[in-house]
Amino acid sequence: MPERQTEMLMDTWTPLIILWITVLPSIYTAPMNQSQVLPNGSSIGLKRPAEEQRVLNRSKRGWVWNQMFVLEEFSGPEPILVGRLHTDLDPGSSKIKYILSGDGAGTIFVINDKTGDIHAMKRLDREEKAEYTLTAQAVDRDTNQPLEPPSEFIIKVQDINDNAPEFVDGPYHATVPEMSVVGTFVTKVTATDADDPVYGNSAKLVYSILEGQPYFSIEPHTAIIKTALPNMDREAKEEYFVVIQAKDMGGHMGGLSGTTTVTITLTDVNDNPPKFAQSLYHFSVMEDVALGEPIGRVKANDLDIGENAKSSYDIIEGDGMDIFEITTDAQTQDGIIRVRKPLDFETKKSYTLKVEAANVHIDPRFISGGPFKDTATVKIVVDDADEPPVFSSPAYLLEVHENAAINSVIGQVTAHDPDVSSSPIRFSIDRHTDLERQFNINAEDGKITLATPLDRETNLWHNITIVATETRNHSQVSRVPVAIKVLDVNDNAPEFASEHEAFLCENGKPGQVIQIVSAVDKDDPKNGHYFLYSLLPEMVNNPNFTIKKNEDNTLSILAKHSGFSRQKQEVYLLPIIISDSGNPPMSSTSTLTIRVCGCSSDGIVQSCNVEAYVLPIGLSMGALIAILACIILLLVIVVLFVTLRRHKNEPLIIKDDEDVRENIIRYDDEGGGEEDTEAFDIATLQNPDGINGFLPRKDIKPDLQFMPRQGLAPVPNGVDVDEFINVRLHEADNDPTAPPYDSIQIYGYEGRGSAAGSLSSLESSTSDSDQNFDYLSEWGPRFKRLGELYSVGESDKET
């Protein structure tokens, strides 16, 4: 086979490359670099006769070429001849040397430097490199001098059908709605072929379906996949596996092919109505079920999915349309039946309902297929339950007069057991609502009686709760509120609304209104209050005052004459009888105090005291109080001044020759105690060794300047405390800045070398276990208890 291919190539290319043409005289007039193209596309050089060269005296090269061809994927026992280079300057004496350079020169393409033959040494692949650009040059073999300028030419690799089509984006996935008509677009696939699309049919592709018929079809040249069957049902088959083939060479025999897969899924449309799983449902429910509680579920199945499978439920017929309701469970698409109103076994024991399930989303394309709904019958049986007692009324309102007798019946509540067994009922009062136990109830008949007296003015309403309990089942309990209103009776006498005190001017006129008084009554008559006012029988002919009833149910007090005087009588008492219009009427006597006062000319009260009458004319009470305050203040200042003078002149220091018993001075100032660290230099008194320099007194501010005393030298450890205190006392007596009174000096220093030693246990060098406290009992009865305590402590330690 390789030999046959070589012969075919040689038969094809050799005449093209080495063909010599006898040029007609007209051709010589053409440009020297003109080339002729053979029908197969190869170009050849034109050779000029020697005599024409002499005539034209041309020295440029006389050969040109355009391009050469070599077949790809060719392999044989010998290199394939691509073409031959020749120049008319070559006399055939082998003095010309041909040189080849450029793409693949010397490796892929080799030239015979004597003959100019170009051979392909390797197997070429057009898909790897489609053409090679090379440069040819003819030089003198002896001198290597160029005989012609370098010229470029192209060797093109001629394509053969050696690449199969490929689907780069495969495998594919596509969707199409179910029930689509024939020719509905599904998807488009694309295959590529690496062969040359220009030369021959190597890259001309044709598409076809290997698997997936008769459901789908494909356009041979556009690769568009369409539906081929109508009314494909997703519920019957949802997914299809289609194999697509792409074949080159225009689909003719001998072409190469490639395949891919397309997975086509039918999407859902609402083409199926809901269907109940059964036509009749049975449920039972207790009569005491809570409102809103679910009592059962119904289910309408839909072959569709997603939004197309959603259904809504309704009760369209039945004797319990107002008793029950049905809703849709969004998760399970079930119909949930619930109770809307209370059930009563004794009233109705069963119900029959007709429920309907309908699709929410209906596709108008399939509306002609029938109603997308379904119905089913639901029978509900009510079971008897032990119910609590039922009162005849949800609430009771009773009325009772506040003067009702004890144990009198106020009202009655009734209740019954709604069950068939009809258990007896017992009544009681919830004492949390009747803490004062003002009411009782008969446990058998529910009559409410009065236990304690009532007072409307204290409490107008009483709200209690009555409890009804079944005697056979004490857990069955009902409650009802009872409001008791206390009705009024005329049991309170009227009285003045407030404590009135009238003021009568001395210069008043006869018939002048002194005071207007009003009355109140705690009772609440239906027609309102109406009061009657009168004076006591013995005061009817009162010479000083009279009364007048006003239209607004008030009373005016009038003076009968003028000339009232405070000196003659300062206060008048006027008893007034106030009666109401009740049945029976109630009355009371209230006394009005009338005080005689001095008034200005325009009737303004100025003073109502008798003493004020002797005051100078024009001096008011405020001015008098101011004068008295000033006098008292002056007296206080004088007393304080005298006291301070006496305190300053009186000597505070007791003389040595005076009897102490005759000069007892009491001091209330105790000093600051141990915490007062500002009054004295405590550190100096605590430790005589710490005396160094003078420290001034801090308890007073010196009135005059003085020179500080020279500090004492440090005292040795064996200092006499008594002598130390005497020295300090002497210095204090002679100090001009010291206060003229004795002061308490606190000495926290015990001294050293005391025979008694320290009583403090903190500085003791011995432990408690080394000390003997028996000597405490010898100090007298005051230390007896202390000795017992320490003796007990020692005995406990030994134990």
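Numbers here mean position along the shown chain, with the first residue as 1.
Even glycines carry a Cβ here, placed using N, Cα and C.
Range 755-774 is the one annotated as region 'Disordered', of 35-54, 75-94, 255-274, 755-774 (source: TrEMBL). As a whole-number mean, the pLDDT of the domain 'Cadherin' (392-496) in this prediction is 91. Mapped onto DSSP classes, the domain 'Cadherin' (87-167) shows 0 helix, 35 strand, 46 coil. Assigned with DSSP, the residues of the domain 'Cadherin' (496-618) fall into helix, strand and coil as follows: 7 helix, 52 strand, 64 coil. Mapped onto DSSP helix, strand and coil, the domain 'Cadherin' (168-276) counts 3 helix, 46 strand, 60 coil. Taken residue by residue, the domain 'Cadherin' (277-391) breaks down under DSSP into 10 helix, 57 strand, 48 coil.
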